[in-house]
């Protein structure tokens, strides 16, 4: 066994790395993390620890003037829409140990799929987790991780497959042994194959409505015949079950042969992060052979085909106009020390004055732009590298897309410059970077080990080591118009695209790029006076000193300013000791929730404010200062973070633009049209529609997405927006939190006094002691995906009950491979189970009955739970809440959750831990029984997809009246009408459940809980 020590890479990297090559050829990097408090007790001691942290309501999809709006890769480009529900800060105390983590990268991926079994590499990634000879339980590893506060995941790329997990440190040794067995002797039993094929097929079905996945599959189909880029990497029931059965292919034998051939130790790289130096003896038993790794590097120029350099018109699933300009270049991985594509992406993606995007925005042609290479296997592998420019277009930009394309070529002829500034910025960020979660870190490092020499394992994917004009010029010289492929997405293409991509069914057409435009692009270009390279950046930090404390240190934030116009909370960071800080403000206004129209106006205001800031604040983003504007339910949330030296400068730029808010009629029209598309794209997603329906029922006076869509399509004008902005700014109350490397100084903001206190939550409807079901048809015509949520309401409870519900969730996750959710809806507690399915496979009512079977079975197991097992679960949840914060941002998130909800219980975790230690098994069992049965406050929400298992005729349903749109039957459009909901009746199977066919009629007259905060 060979080993070598690698040095720490920055003053804030509290790790020591040891590189080891095992006798079987496996290469490992052991990262010993000595940050945080010392371990209490022996690392290898046995003991019952950990549980699972509370699942949050839904992910924070905070958009609306979001400064990070440039990526066309993100399917959810939801402008101006708040997607916060009832989230709280991450439930970690921040004074105990971090998790330990490991990740293993196998040098094989979907490129190695056999031609007669597409998706086999992805399928194998699933199957190796289905038990091992030493630990045969099919879900035993997941159960072990849940019991000890861990998690795991895996992913298959073109040439690599990565597996990763994290767990409490005391349980890491056993977890590593269990995990290693998947690569030593996985069971992969025959009986599990059909079940896991369905899991792979469900992933495929859930991905089908995603425009980003659809674009990738269509693009891959343009490769030369026989090139692996054209393979169907996902796999589904057709390729892994039905066709093999017809062709008499033994999938089981082929799966084991694939594992034996490719899951060899000398193809593997491992990264481990823990407190001590871990013993890797388990991994010596992974078998190895002498066969060379799969090599595709001789299959160059896959897109040197007649199908490339064309214009592809595509019908997207969502309502969006987007232009993707793509070049296929020779592989660029070998130039990682120069990173030519990264440098070029800085030029293209620049959004400040003189940039491509600023010119396009000025013309009201584009909303967002992303340029570069994502460094995924799809974008970069051993056969090619992609450079792409993706622009979100306005309606007018769509009509002028050829001229949009020309603008990008103009900038590419500029000479090389400002490499030094980029290098300096990135070096600063790397030098002072905060630690990330261990599981994310080891995932990155194990992949780096496949790509870079050992001295660059820790830095190869981040630093720009050297400036090489020849390499950059060579890449630039290939980005010519005649080598570009254009993909234009628009709903306007509907009915004009006769071709269909094989696997995702994407409708498209192909045409030659107009000769006139080719000649204009390749001729003598006139450089626009509006286009120029960036000026010197005033936001780049130069002072990285740590500020001395000018007041006594405190464990929690303290209020340092308080008036009838606002208050400010402050905490000096003396734990992480980095020259960075966070500033967050919640600017509350009573006018937002007065009508659906006002909510729409507020969304527009936040969007246009973000648009106005794009130029002035972009340099701050370049200098690694981040900002985000969120259109919250009751106010504007402003978040800024980064190096503290220039952070106040960015914050004041934002405040000044809010104070001087203005919009031109063209900009107003552009964003009104875009917001309409955004609302549509949210409503066609089953998970978003289900959430909207559930909260429309539960939260009194909430304006639904459908009502917002109706208000927007009814017509608004610029004068109404300006009137709204005046009234919004006339009555404001601001609450702020400043945390990090600042001294005790307040931020002065001038706002007018509110006439009365504005609640930052809704009142919640008290559901009847009966079972109700609300079934609505999916608004995405043709989408098979359905979602079922079964919700049990508890009520406005205290902190103890909230912690009891968290314990209930931990119990369910440990006893079953099911993930219930503890819900805190405007202070009213409840729990739910959500299942995604497809209407081609299951009826949603059958799914609900299965959920009820699960809950009944869970109740029986809970009743028979021993005191010892109960105590184990309590200890597990306590340990999770004591888990150490990885970086300052986690502590800030937790404190901010208290400020933004006006609860201010900054020691909530301490209180929850004390409550947990006093809980009894009887209390848990009684609480669950109390919330079940015929007299429970139960609400089921079904979003019903389109498929054979569901009745697709709408005759049995009732439509909620809304704004008139296209008549679906006469138009034949694949885009459904989203300004109304179609309610479906429940079948006799749902005995005892009352169908909700009219939400306003149902909630009218129902009592409301008082405003409630979980304080005691």
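The backbone N, Cα and C atoms fix where each Cβ goes, glycine too.
Segment annotation: TrEMBL labels region 'Disordered' over residues 952-974 (candidates 929-951, 952-974).
Across the domain 'Coenzyme PQQ synthesis protein F-like C-terminal lobe' (816-896), mean pLDDT in this model comes to 90.
Helix, strand and coil content of the domain 'Coenzyme PQQ synthesis protein F-like C-terminal lobe' (816-896), in residues and according to DSSP, is 44 helix, 16 strand, 21 coil. For the domain 'Peptidase M16 N-terminal' (96-225), the DSSP counts in helix, strand and coil order read 63 helix, 22 strand, 45 coil.
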